[in-house]
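Quick look at what TrEMBL lists:
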type: BINDING; residues: 167, 170; note: phosphoenolpyruvate binding site
Ligand SMILES: Nc1nc2c(ncn2[C@@H]2O[C@H](COP(=O)(O)OP(=O)(O)OP(=O)(O)O)[C@@H](O)[C@H]2O)c(=O)[nH]1
Ligand SMILES: C=C(OP(=O)(O)O)C(=O)O
């Protein structure tokens, strides 16, 4: 059997991952994000689009899948290559949205799959690649957010049934589900999800994606 088929090839994580990104329509999402002078819905869109662009630029990612009920997001994503949109249907929460995307893309669990939160406006493709490289050696994994209590990325290897339990305090729940905690440095942009203006300031210091940066520059 070849090294690639056994998974021993150290480069076998390249361009293999399916990355599912859930995005809530801005009328309902980012309710805690209040930046004076900036339209909250426009900011939520910019953050989601910058996250999606970084994920598609990641060398480990074969396909980015967006699960949303927001048709405007699809229209605005025109310049981002090779995104696939899956309709969320009846809104049943973040985990159900992710599961819908995973099932649409890979019902037989043949590929390595990941769920990435859609509110990482400073995400660098190389930080996502580092995490996916580490995730390739374990059946399930989780990356903690900067606070250490939430999760920004959850993964499952080929053959592992998909499970996630996002939401407040999700990191402990993901460990309980059998996810290995990936050792990702605090400075990684992958850990900087943005729910509040203070978190946006921290992400800004790391370097925001172009849409979020342009919007904030209008203040
Ligand atoms: N498709 C979909 N995405 C969701 C849902 N809930 C949360 N998300 C997405 O999951 C990521 C993390 O979401 P949260 O920060 O928990 O929620 P949020 O609605 O963006 O923000 P808050 O209003 O502050 O809770 C963001 O990309 C959200 O858009 C959902 O029910 N459906
Ligand atoms: C969804 C999560 O985070 P937040 O609500 O802080 O964005 C999570 O940590 O699972």
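If you go along the chain as it appears here, the first residue is 1 and each next one adds 1.
Even glycines carry a Cβ here, placed using N, Cα and C.
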Nonlocal residues around residue 167 (phosphoenolpyruvate binding site), in sequence order (Cβ under 8 Å, 6 or more apart): 93, 94, 95
Listed in sequence order, residues with CB under 8 A of residue 170 (phosphoenolpyruvate binding site) and six or more positions away: 149, 150, 151
